[in-house]
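Asks: Structure incoming, see below.
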Amino acid sequence: MSNNTSQKITTRRGLLGAGLAGMAGGLAAPLVAQTGGARTIRMATSWPKDLGGLADSAARVAQTITQMSEGSLSVEVYGPGELVGALEVHDAAGNGDIEMYHSAEYYFQRKHRGLNFFTTVPLGLTMLEQASWLTYGGGQALWDEVNAQFGVKSLPVGGTGVQMGGWFDKPIESVDDFNGLTMRMPGLGGQVISELGAEAVVLSGGGIVKALFEQSINATEWVGPYNDLHFGFQKILSTYVYPGFHEPGTMAALGMNKAFWDGLSSREQSIIQTATDVELSLHSADYYGNNGLALTQMINEYGVQPTLLPDDVWDAIAKKSMEVVSGVANDDDLARRIFESFDAHRSLMFGGAPFDQAEYLARRFGSTPLWSNYSFEHLEL
């Protein structure tokens, strides 16, 4: 990232801090009296602490909560292994070992496969569609219901956008190329590639590079160019595939021990809710901007040539994805209700998409040249 870009991001965060201080004066001034003083909130994350995007988001939302509460809710962030393992944060929150986590709910699908829908599912919702389902389509109430079984309360805290399809040691030219792959892919996407002949492995981000060097996996997906560049996948694997069928709108979660959440005052809950609402926008904008910068760097400095999945491979993946995702509805009544609500919202998005964003983007990318290609010399400025 250029120094100019870094400066812009730093300046933006400075403005955010100033704005939050003002908000805190109006919203949270009585908190110290209500709570009897500051309390420390331990937030465990599933992300390496030096990872841009996800780890930045965890640190930023922690700072936002602390600032808005004027320090009466003091959130301390811990990386994987500092309190609990990266994939143990949901258990730890439910058990009361920590108050808060920043993670992705599909890591915990062994508890209930319905949790996948609150992160992402193959051929599912984009980030904005996911946010609209959770906020206005009944998704949050269902999320609360499934997590209440485990003593957890979660809120959406940001999306990474449509992810890339992954890194491979060979081109993916047919469905048969999944045979013999051992690929890091969590969630229902992992089940899809397993049924297509691959072996799916669930690893936290911090374990991927080690697994590649040890050759316990020979393919991986992670997030997208922003975070993939950080791990240096372009130096290890030769083929970068797009688009990612498995994670079209991955939503990170701010999870909490439910008893802790229930014990907060309405003002304290409002502070955390507002902080996650703010972070939902910042986190998503971070990925949209930095993915473009990182992909440009990969192409220009490392010669990466992203490869589009062939149509017949995509069609086979799509067919299997529909089977796997709809199959979750057979698990139990709650899984059925989650699936039906999600599917209804997805159908609603199909109704509007051809008339706005999808058609606009198709025409913009298909026929409109870049403004930088135009000459403005004829204009009188």
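Start at 1 and count along the chain as shown; that gives each residue its number.
Positions of Cβ are set from backbone N, Cα and C atoms, glycine also.
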Asks: In TrEMBL, the residues GLN163, ARG184, GLU247 are said to bind substrate. Which of GLU145, GLU214, GLU221, GLU268 is said to bind at that same site?
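Replies: Answer per TrEMBL: GLU221.
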Asks: What Cα-Cα separation, expressed in whole Å, is found between GLN163 (substrate binding site) and TRP222 (Na(+) binding site)?
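Replies: The separation of the Cα atoms works out to 8 Å.
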Asks: Measure the Cβ-based neighbour count of GLN163 (substrate binding site), defined as the other Cβ atoms within 10 Å of its Cβ.
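Replies: A 10 Å sphere around the Cβ of GLN163 (substrate binding site) contains 26 other Cβ atoms.
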Asks: Which residue, out of the binding-site residues GLU221, GLU247, shows the minimum number of other Cβ atoms inside 10 Å of its Cβ in this structure?
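Replies: Among the binding-site residues GLU221, GLU247, the sparsest Cβ neighbourhood within 10 Å belongs to GLU221.
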Asks: Taking the recorded substrate site as GLN163, ARG184, GLU221, GLU247, identify the other residues of that chain whose CB atom sits within 8 Å of the mean position of the site's CB atoms, giving them in sequence order.
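Replies: The answer, listed by sequence position, is MET164, GLY165, GLY166, MET185, PRO186, GLY189, THR220, TRP222, VAL223, GLY244, HIS246.
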Asks: When you measure from the Cβ of ARG184 (substrate binding site), how many other Cβ atoms are you left with inside 10 Å?
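Replies: A count of 24.
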Asks: Which residues of the same chain, at least 6 positions away in sequence, have a Cβ lying under 8 Å from the Cβ of TRP222 (Na(+) binding site)?
Replies: ARG184, GLY205, ILE208, ASP228, PHE231, PHE233
